[in-house]
Amino acid sequence: MATIIYDNETTFDALKDKTIAIMGYGSQGHAHARNLHESGLNVVVGLRKGSSSWAKAESDGLKVMTVEEAAKAADVIMILLPDEKQASVYYSQIEPSLEAGNALVFAHGFNIHYNQIVPPKDVDVFMVAPKGPGHIVRRTYTEGIGVPGLIAVYQDATGKARDLALAYAKGIGATRAGVYETTFREETETDLFGEQVDLCGGLSALIKTAFEVLVEAGYQPEMAYFETCHEVKLIVDLIYEGGLERMWHSVSNTAEYGGMTVGPRIINEESREAMYEALARIQNGEFAKEFVLEGMVNHPVLKAMERQEKEHPLEVVGKEIRANIPWLNKKIDDD
């Protein structure tokens, strides 16, 4: 079982008198930077010249520099850029300024685990990965709570990498909910597996296929959308709040019996084998190689799939239905 560390077991001591550079000011970047700053730590934000986020970060009360300037100024450097951009930015704008005893921090282990970034041996390398989107990391921090997080140490040059990781996790509010110790390998491989097999890939494929079956069987697209896509959130919220047990307890007996008897026929041994195949491609680096090569030519396959997805009948009818839900439109505007 994983080791869990809570707020009362941690201090900011390891980060006192250190400058933390947050590279990037997107969903996670803005949350990390603002939370750390409001925790009393010394934070700078590293952005490219001309970035649309520059003025936003300054208006949030943060000191903003170019990535190169931030790397030179910092003792601890958190890289919160898209996976496919991290290596090029690291080698051209961060590594030249690294000094012995500095620390590199990641929120996902992809580039370290798959050797896209190979840090010098005299710097600490660790991970702090909150298990929630940036706006939730930020909101829960301001509410005095937090989201759970993961920490991992890849390289401990100073002997203080774990202390730094815990202090950083405390600074963003993660220790309030508990941080779980893991490894770069475990975090990377399980994260990719979850994204591909159920959270993003498996779930979206299941929704689309179920929608298509109902429409092909002659049912109205609107009815198919409500039953196969719209109501997913209702079920997921129940699982999120209390696990599968809470979900089964909350639905009707008809839904429970039908779900328990038919579900295993849909997600069956063939599905399990496909999951193992996906996991093997993650473990042996095949997926990483494919993704890196795709990024080197500006993601033509991904862009084509995005276009196809946008044109899918599920998306067309879903857009029309969501336009008629005022409270949902307000939430999207607020986000």
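Numbers run from 1 along the shown chain.
Cβ coordinates come from backbone N, Cα and C, glycine included.
A quick note: this is a predicted structure, and the numbers were derived from the prediction, not measured.
Per Swiss-Prot, the candidate among GLY134, GLY144, GLY146, GLY149 that belongs to the NADP(+) site alongside TYR25, GLY26, SER27, GLN28, ARG48, SER51, SER53, ASP83, GLU84, LYS85, GLN86 is GLY134.
A sphere of 10 angstroms centred on the C-beta of ARG48 (NADP(+) binding site) encloses 14 other C-beta atoms. Candidates TYR25, SER27, ARG48, SER53, GLU231, SER252 (binding-site residues) were compared with HIS108 (active site); none lies inside 10 Å Cα-Cα. Between the C-alpha atoms of TYR25 (NADP(+) binding site) and GLU227 (Mg(2+) 2 binding site), the distance comes to 38 Å. Secondary structure at GLN86 (NADP(+) binding site), taken from DSSP and collapsed to helix, strand or coil, is helix.
There are 17 other Cβ atoms within 10 Å of the Cβ belonging to SER53 (NADP(+) binding site).
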